[in-house]
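Visitor: Below you will find the structure I want to go over with you.
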Amino acid sequence: MSETSKPEEKPYGVSIRGYISVLLIGAYLGILFVKSEVASWQRIHDMFLFREAHMYLIISLAIIVAMISMLVIKRLGVRSVDGKPITYKPKPYHTGVIIGGMLFGAGWAITGACPGPVYAQVGAGEWMALFTLGGAMLGMFGYAALKPRLPH
Amino acid sequence: MDWIIQPWPWWISGILIGLTVPLLFILVGKSFGISTSLQQAGAMCAPNSKLEYLSKHDRRANLWTIVFAIGIAAGAFIATRFLSNEPVEFLPESFKTPRGGIKLLIGGFLIGFGTRYAGGCTSGHSITGISNLNWPSLVATIFFFVGGLAVTWGLGHLIF
């Protein structure tokens with residue numbers, strides 16, 4: 001199977017409390033994207049030019065912290081607040097991981113933003129980022145249209 | 001309180017961004033990933049589309065991704081208005097032209113197409129995927145950098 005964002009095995013919506021948590025975690029992340037300057041074009045450009053380690057350090061440390069968190073969650077059998085077991089659904093390998101990955105990387109380098117920081121830029125009032133967001137929606141529709149014909 | 005106003009050091013940022021993964025799993029039961037919100041937005045705009053990618057998308061199970069995107073935008077607003085002294089520069093002046101807008105539109109297209117074809121972006125693949133030892137996510141991340149480095153070093157003189 002190639003679809004990565006199809007319904008989860010037991011699809012369920014999110015409770016009102018869950019949506020409030022999502023909103024707050026989103027705001028937490030939005031603040032971080034601005035204050036870490038991950039949402040600044042120059043930081044991304046300097047990352048790809050190997051001018052500074054800032055972005056590499058942030059991404060690596062975020063991965064390490066997330067990895068330790070997942071180990072602790074699995075070791076202690078931590079459940080979500082609504083009592084469900086926490087399971088990661090692996091994203092599968094297919095050709096798109098390589099081709100799509102490269103295309104996204106190119107877009108990341110041009111715009112200086114990955115999807116999260118695009119929302120952060122728009123929210124912060126950087127209206128030019130609406131071009132990035134509009135382009136991303138067009139790209140998503142483009143993929144939706146071409147998906148049956150692309151190798152997966 | 002001056003440190004809040006300054007840009008935050010990489011280690012605070014890295015730790016706190018990494019904690020998004022357990023926070024979302026524990027408080028909401030969801031796996032951290034942002035680019036699914038694009039598909040969700042598309043599916044909400046065109047629920048009866050002939051394209052299965054949109055019509056077969058579970059809009060209920062993924063509605064949280066839109067709320068998450070709104071939260072990110074709100075947080076960024078708070079950070080720029082209340083937690084920063086000087087205006088925060090997101091895009092250089094050279095992008096604030098019609099030519100810049102076209103560049104952003106094309107780059108944005110590559111982001112939307114690429115993340116959806118690859119099945120994730122920096123959050124879903126690089127942070128959540130790698131931290132869960134999912135090897136395709138490592139492959140994806142390597143190719144994010146292959147694409148980004150190729151454009152920056154190969155076409156940089158044309159684009160920037």
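Here the Cβ of each residue, glycine as well, is placed from N, Cα and C on the backbone.
Just lifted these from TrEMBL, have a look:
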TRANSMEM  A:12-33  transmembrane segment
TRANSMEM  A:53-73  transmembrane segment
TRANSMEM  A:93-111  transmembrane segment
TRANSMEM  A:127-146  transmembrane segment
Visitor: Would you mind listing the long-range same-chain contacts of the transmembrane segment (A:93-111), meaning Cβ under 8 Å and 6+ residues beyond its ends?
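Guide: Tertiary neighbours of the transmembrane segment (A:93-111) are 2, 41, 44-45, 48, 118, 132, 135-136, 139, 143, 150-152.
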Visitor: Residues of the same chain, at least six outside the transmembrane segment (A:12-33), with any C-beta under 8 angstroms of its C-beta?
Guide: 39, 81-82, 116-117, 119-120, 123
Visitor: For the transmembrane segment (A:127-146), could you work out the same-chain residues 6 or more beyond its ends whose Cβ comes under 8 Å from its Cβ atoms?
Guide: 100, 107, 111, 113, 115, 118-119, 121
